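Asks: Annotations per TrEMBL:
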type: TRANSMEM; residues: 6-31; note: transmembrane segment
type: TRANSMEM; residues: 51-69; note: transmembrane segment
type: TRANSMEM; residues: 75-98; note: transmembrane segment
type: TRANSMEM; residues: 110-130; note: transmembrane segment
type: TRANSMEM; residues: 142-163; note: transmembrane segment
type: TRANSMEM; residues: 170-190; note: transmembrane segment
type: TRANSMEM; residues: 196-219; note: transmembrane segment
Amino acid sequence: MIPPVSTSAFYAICSEAAGVAGNLFALGLFISPIPTFKRIAKNRSTEQFSGLPYVYSLLNCLICFWYGLPCVAHGVILIATVNSIGAIFQLVYVVLFIKYADKTNKLKMAGLLILVFCAFVLIICVSLELFDNGRRQMFVGYLNVASLISMFASPLFIINLVIRTRSVEFMPFYLSLSTFLMSISFFAYGMLKHDFFVYMPNGIGTILGVIQLLLYAYYSRKSREDCRLPLLVSCE
């Protein structure tokens, strides 16, 4: 006979499952720039692409990675695992961008990369030297929240563009879906772990993800209707 699962054990299983799901969905986001960098490598030029999003994403991943470690926050190690993988991906993208950029952008991106690592080292030193365990979690946690909210706010520009152009051309469906699934998974993970610094920013990310998916459904349908309209007119 299988012994009954206690409530605490059930919560633990659910929280770990949500964290693992978040890791898997985040992987979809991490690999999404690969086609862009295949094009950059093929043309041996960064063309009009910007490297800033990858530098910023690297800093974001490093801060979240630091927050997820046991020396800062307890019980949210899956935050550290996903962001360690994310940091590796973003670092590779930045290095490739530097390799194929022109001289001006090469120096600019190299300087920003150094600045990111200096900022990360400074955050580590300050959090370890100036704060005890409880305050350290709060210090890094608020940095984590600020970083994630600013990252999740970036789709607001895309949402504005979609509404303005009435087109979903610049809002890929699978990228929006991956963002939503990752956010809701880590929102659940944070809620089950009772970690405000995880569930609050991912809750905002979930709401923005829902808005993107609704806009995609609305404007893609409108686009199909507009495409069919001339056919209906010609039939008359």
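Note that Cβ sites are derived from N, Cα and C of the backbone, with glycine treated the same way.
Just so you know, TrEMBL annotations never went through curation; they're auto-generated.
Computed from a predicted structure; not experimentally measured.
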Asks: Under 8 Å, at least three CB pairs between the transmembrane segment (196-219) and the transmembrane segment (6-31) (pairs 6 or more apart)?
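Replies: No, the stretches stay apart by this measure.
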Asks: Given the cut-off of 8 Å on Cβ pairs that are 6 or more apart in sequence, determine whether the transmembrane segment (75-98) and the transmembrane segment (170-190) share at least 3 such pairs.
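Replies: Yes, the transmembrane segment (75-98) contacts the transmembrane segment (170-190).
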Asks: Are the transmembrane segment (110-130) and the transmembrane segment (6-31) close enough that 3 or more Cβ pairs fall under 8 Å, when only pairs 6 or more apart in sequence count?
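Replies: Between the transmembrane segment (6-31) and the transmembrane segment (110-130), contact is absent.
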Asks: Would you mind listing the long-range same-chain contacts of the transmembrane segment (142-163), meaning Cβ under 8 Å and 6+ residues beyond its ends?
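Replies: Here the qualifying positions are 53, 56-57, 59-60, 63-64, 67, 123, 170-171, 176, 179, 183, 197, 200-202, 204-205, 208, 211-212, 215-216, 219.
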